[in-house]
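*Asks:* Provided herewith is a single structure, encoded as structure tokens, for subsequent inquiry.
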């Protein structure tokens with residue numbers, strides 16, 4: 001049978017499976033791909049294809065991740081699944097696979113376990129906006145009351161980490177039954193119910209081009225007779241000639257006006273997300289702008305230097321530190337295009353952080369950076385990456 005051609009018209013959403021080891025994340029991933037390919041077309045993937053996750057590098061860190069695609073009536077999904085707990089930690093902190101929503105897989109037979117809790121906390125810290133729960137292995141629990149108890153436990157745990165535990169969808173089923181072709185309520189029907197929850201509960205993400213204009217400054221030139229040109233790749237939004245913009249970060253915020261946009265030496269009336277452009281600024285001196293700042297829509301982003309974050313510290317094998325670090329450790333924080341020195345405050349109960357650990361920290365930078373919750377950064381020592389992190393909450 002001929003495969004239908006891939007329709008780019010469907011909105012695209014990124015999701016992933018999270019949860020405790022052996023609760024069935026990979027089996028569920030295979031079941032979703034298999035059941036949906038039967039119903040809506042697309043490629044079915046077996047458990048072995050998914051479990052054998054290829055290595056990839058994100059910010060110099062090796063992560064094993066499997067990528068699976070599937071579609072529903074209304075959407076196209078890209079789904080990530082990681083084999084090991086450490087891969088999840090790295091994946092979520094580096095943002096290698098940004099998730100618009102996550103499917104928390106929890107065994108109905110075991111209930112929430114340590115990694116269930118840790119993945120929920122990580123989701124909160126790195127800004128995963130929506131979680132849907134799949135109570136797996138429901139065929140192994142005969143007692144309806146027990147099933148209800150596990151559901152209550154999971155809801156309470158989610159609420160504890162500020163997710164709407166009472167309101168988010170929970171689907172009960174068996175990924176194994178579904179994968180084996182069982183068409184009953186715990187088999188394929190549960191997978192279709194989960195797909196419906198994905199479609200209805202996770203909103204379509206805003207496209208980059210619809211966001212507020214933001215361009216991280218990579219280089220600054222002065223062109224005689226024309227003024228100052230700032231180059232970089234537009235991260236989100238659109239910039240039109242004649243619009244006011246702000247230069248944010250490192251020093252006091254300045255206002256200026258875009259008098260031209262160039263791409264491949266051609267003049268344009270606008271640039272949009274994804275474009276590598278030169279932006280001509282009116283009345284701005286070359287020394288007023290530097291790498292590490294951003295050009296942004298006025299009022300859309302502010303400079304900050306005090307924040308909490310979640311970091312993963314590279315292990316020795318990954319080229320990281322060989323020794324632990326302690327409170328008040330002062331590395332460089334690499335945001336977008338530049339390094340800023342900052343000091344790290346550890347949680348009260350943490351005396352030191354070992355290579356290979358992940359930990360919540362509070363950071364004080366020496367210079368402010370245009371910052372939002374969810375912004376990724378690298379931690380460096382003398383140009384060498386020793387960790388990766390994400391801004392969890394801005395303090396000031």
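Using the three backbone atoms N, Cα and C, a Cβ is placed for every residue, glycine included.
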*Asks:* In Swiss-Prot, which of 69-72, 73-76, 77-80, 81-84 is labelled region 'G3'?
*Replies:* 81-84
*Asks:* May I ask you to indicate which of 55-59, 60-64, 85-89, 90-94 is given in Swiss-Prot as region 'G2'?
*Replies:* 60-64
*Asks:* Under an 8 Å Cβ to Cβ limit, what residues of the same chain, 6 or more beyond the ends of the region 'G4' (136-139), are close to it?
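*Replies:* Tertiary neighbours of the region 'G4' (136-139) are 23-24, 27-28, 105-109, 147, 172-177, 186, 190.
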*Asks:* Under DSSP, is residue 82 (GTP binding site) helix, strand or coil?
*Replies:* coil
*Asks:* Apart from its near flanks, which chain residues at least 6 from the ends of the region 'G1' (19-26) lie with a Cβ under 8 angstroms of it?
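*Replies:* Same-chain residues near the region 'G1' (19-26) but 6 or more away: 47, 50-51, 66, 81, 83-85, 104-107, 110, 112-116, 119, 136-137, 175-176.
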*Asks:* Out of the binding-site residues 19, 82, 85, 138, give me the one sitting nearest to residue 26 (Mg(2+) binding site) by CA distance.
*Replies:* 82
*Asks:* Go through 82, 138, our binding-site residues, and report the one whose Cβ sees the most other Cβ atoms within 10 Å.
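*Replies:* By the 10 Å Cβ neighbour count, 82 comes out on top.
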*Asks:* Three states by DSSP: which one describes residue 22 (GTP binding site)?
*Replies:* coil
